[in-house]
Amino acid sequence: MTLLVTGEVSNAVKAHLTAVFKVSSLGMSGVVIAVHPGGPLLGTRSLQRTEELSNGSVHITLDPKVLEQELPPPDEKEAMLPGEQNNETLETRLYWRRFAVLAVFSLYSLVNAFQWIQYCIITNIFTGYYNVSSIAIDWLSVVYMVAYIPLIFPATWLLDKKGLRMTALLGAGLNALGAWVKCASVGPGLFWVTMTAQIICSVAQVFILGLPSRIASVWFGPGEVSTACAAAVLGNQLGVAIGFLLPPVLVPNTADDKDLMGHNISIMFYGTAGVSTLLFFLTVFVIKDRPPLPPSKAQAVLSTVPAEDYSYKKSIINLFKNKPFVLLLISYGIMTGSFYSVSTLLNQMIIFHYPGEELNTGRIGLTLVVAGMFGSILCGIWLDRTKTYKLTTLIVYILSFVGMVVFTFTLNLNHLLVIFFTAGALGFFMTGYLPIGFEFGVEITYPESEGTSSGLLNAFAQVFGIIFTFIQGHLTTDYSPLSGNIFLCAWILLGIVLTALIKSDLKRHGVNVSNINKGQAVPTELPSEKASSDVKQESSSLPRETSI
């Protein structure tokens with residue numbers, strides 16, 4: 001039997017014909033579509049003509065506009081996920097290459113984060129070397145946030161249209177370029193060169209920050225996706241930690257000898273440039289767009305959607321119409337913006353109460369971020385085991401607020417050991433929140449692009465980071481660190497309320513666990529991906545692991 005549909009065929013009609021009639025080839029207006037009988041016609045009003053041919057086959061002509069009116073109201077999930085109804089037939093597999101992709105990304109993300117914080121942690125040294133104000137040095141951090149806001153939309157568009165590999169190459173390449181330009185900025189009168197280099201690095205960051213969720217989703221299975229996202233974010237956090245630790249060691253305060261200071265700065269810059277260049281070449285050889293077979297049913301379902309059906313503009317509109325995601329945007333922006341502000345102004349806050357303690361300031365910053373790294377990994381493992389996204393997000397948010405309050409009111413106790421402890425507690429929860437927000441966003445916005453949702457979360461983080469850094473900076477300078485930190489505490493309290501209002505609808509998790517006990521139809525293996533004969537085929541819908 002063949003089916004002829006006249007007029008313009010909508011996506012709803014396409015989806016119905018595919019599901020009910022098992023369409024083997026889908027055409028458009030006036031094109032004969034070969035089908036196998038898979039269900040009854042919806043009604044008679046859409047039937048225009050039936051013609052029996054001499055070879056025994058039948059041409060059935062339908063009016064698509066009438067047919068669409070006869071379609072039953074679609075289930076929301078089915079409307080969003082063409083192909084989900086057959087997701088038990090899609091093969092999934094895990095590849096060892098995913099660990100290499102994750103490692104290379106984490107390392108060049110580390111270097112980019114190091115370049116963000118390397119100035120601010122020794123603000124007093126760079127103000128003396130370049131003979132500029134502390135506000136000018138703050139701008140070397142703030143430029144990362146400013147650049148992200150206008151560039152996030154072209155960056156996420158590029159990720160969706162050109163893929164993970166192209167985006168990763170741009171991020172790693174610009175990161176290396178900015179590092180080499182910094183090498184040319186060693187000189188008291190060359191502040192504008194170092195600012196130019198930092199702008200290049202800030203553009204690179206736009207192609208980096210949105211990738212953890214994409215890498216985790218397209219390369220890792222449902223039982224490890226949150227941990228993978230946390231590990232990807234971990235690289236950036238580790239870069240901040242090293243940025244707190246190394247600059248005070250590599251560039252001590254030799255105010256009486258600017259030549260020695262310049263030599264020390266050049267060592268830091270050239271070392272960064274060499275490492276970032278090596279990582280760019282590793283990116284070229286290691287990172288691919290996606291594995292040959294998807295790692296999860298959620299990704300397998302998305303792979304059935306034709307590329308021409310995707311609209312970046314429509315995706316953005318859908319995200320801003322998603323009320324839970326809008327609440328998450330604001331609450332994520334508040335928390336992450338607060339972290340950016342504290343990281344940028346940490347030197348000024350510590351030196352205000354403990355003059356001459358530049359080295360310990362770096363160590364306190366290191367403690368804050370390293371504690372957050374443990375928080376990130378533990379939260380990622382917890383999410384993979386429990387899938388309690390909203391509850392975990394809310395609890396971590398509340399504990400971050402408690403940590404910020406304790407840090408605020410112990411900063412002036414004249415006991416550095418107390419500051420180490422309170423900064424560690426603050427970092428454990430505040431930095432540990434970052435991957436939780438990413439993964440929660442992906443869950444409540446599926447099947448929209450992970451890169452787009454993560455990009456918007458980061459954009460709001462940058463907006464709040466800029467606002468918080470300038471306001472807290474002025475409060476710290478004009479009054480005291482206490483007033484600036486109380487300002488942040490008030491905003492974090494608001495973030496708790498917004499987080500509590502988020503409706504938790506775990507769409508991606510719902511797809512991954514659907515039909516979990518059904519068998520899996522395994523298509524012919526790709527020649528290059530043939531499993532060894534001693535590997536048993538898995539009948540479960542969970543992915544199996546192989547090399548690539």
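Just so you know, glycine gets a Cβ as well, placed from its N, Cα and C.
Per TrEMBL, compositional bias 'Basic and acidic residues' is recorded for 527-537.
What TrEMBL lists as compositional bias 'Polar residues' is 538-548.
Under the heading domain 'Major facilitator superfamily (MFS) profile', TrEMBL lists 101-507. Along the domain 'Major facilitator superfamily (MFS) profile' (101-507), the predicted structure has mean pLDDT 86.
Under the heading region 'Disordered', TrEMBL lists 522-548.
Summarising the annotation, TrEMBL assigns transmembrane segment to 99-119 (among others). Listed as Cβ neighbours of the transmembrane segment (99-119) (distance under 8 Å, sequence separation of 6 or more from its ends, same chain) are residues 126, 137, 140-141, 144, 168, 171-172, 175, 178-179, 182, 194, 198, 201-202, 204-205, 208, 211-212, 215, 219-220, 228, 231-232, 234-240, 242-244, 246-247, 268, 272, 275-276, 279-280, 282-283, 286-288, 343-344, 365.
Under the heading transmembrane segment, TrEMBL lists 139-159 (among others). Remote same-chain partners of the transmembrane segment (139-159), defined as residues 6 or more beyond its termini with a Cβ less than 8 Å from a stretch Cβ, comprise 116-117, 119-120, 126, 166-167, 170, 194-195, 198-199, 201-203, 205-207, 209-211, 214, 312, 316, 340, 343-344, 449, 451-452, 455-456, 458-459, 462-463, 465-466, 469-470.
Long-range contacts of the transmembrane segment (166-183) within the same chain: residues 105, 108, 111-112, 115, 155, 158-159, 193-194, 196-201, 203-208, 211, 266, 269-270, 272-273, 276-277, 279-280, 283-284, 287, 451, each at least 6 residues beyond the stretch ends and with a Cβ under 8 Å from a Cβ of the stretch. Per TrEMBL, transmembrane segment is recorded for 166-183 (among others).
The transmembrane segment feature in TrEMBL is assigned to 189-213 (among others). Tertiary neighbourhood of the transmembrane segment (189-213): same-chain residues 105, 108-109, 112, 115-116, 119, 130, 132, 136, 139-140, 143-144, 146-148, 151-152, 155-156, 158-159, 164, 167-168, 170-175, 177-179, 181-182, 229, 232-233, 236, 435, 438-439, 441-442, 450-455, 458, selected by CB-CB distance under 8 Å and a gap of 6+ residues from either end.
Long-range contacts of the transmembrane segment (225-247) within the same chain, counting only residues at least 6 positions beyond its ends with a Cβ under 8 Å from a Cβ of the stretch, are 98, 102, 105-107, 109-119, 121-122, 208-209, 211-213, 215-217, 219, 268, 296, 343, 346, 361-366, 368-370, 372-373, 376-377, 379-381, 383-384, 431, 434-435, 438-439. What TrEMBL records for 225-247 (among others) is transmembrane segment.
As annotated by TrEMBL, transmembrane segment applies to 267-287 (among others).
Feature annotation from TrEMBL assigns transmembrane segment to 324-342 (among others).
Marked as transmembrane segment by TrEMBL: 362-382 (among others). Sequence-distant contacts of the transmembrane segment (362-382) (same chain, six or more residues past either end, CB-CB distance under 8 Å): 117, 121-122, 226-231, 233-234, 237-238, 240-249, 342-343, 346, 350, 388, 392, 396, 416, 419-420, 423-436, 439.
According to TrEMBL, the feature transmembrane segment maps to 394-411 (among others).
If you look up TrEMBL, you'll see 417-436 (among others) marked as transmembrane segment.
Residues 135, 138, 141-142, 144-146, 148-149, 152, 156, 209-210, 319, 328-330, 332-334, 336-338, 340-341, 344-345, 348-349, 352, 437-438, 441, 483-485, 487-488, 491 of the same chain lie 6+ residues outside the transmembrane segment (456-476) yet bring a C-beta within less than 8 angstroms of a C-beta in it. Among the features that TrEMBL reports, transmembrane segment is placed at 456-476 (among others).
As annotated by TrEMBL, transmembrane segment applies to 482-502 (among others).
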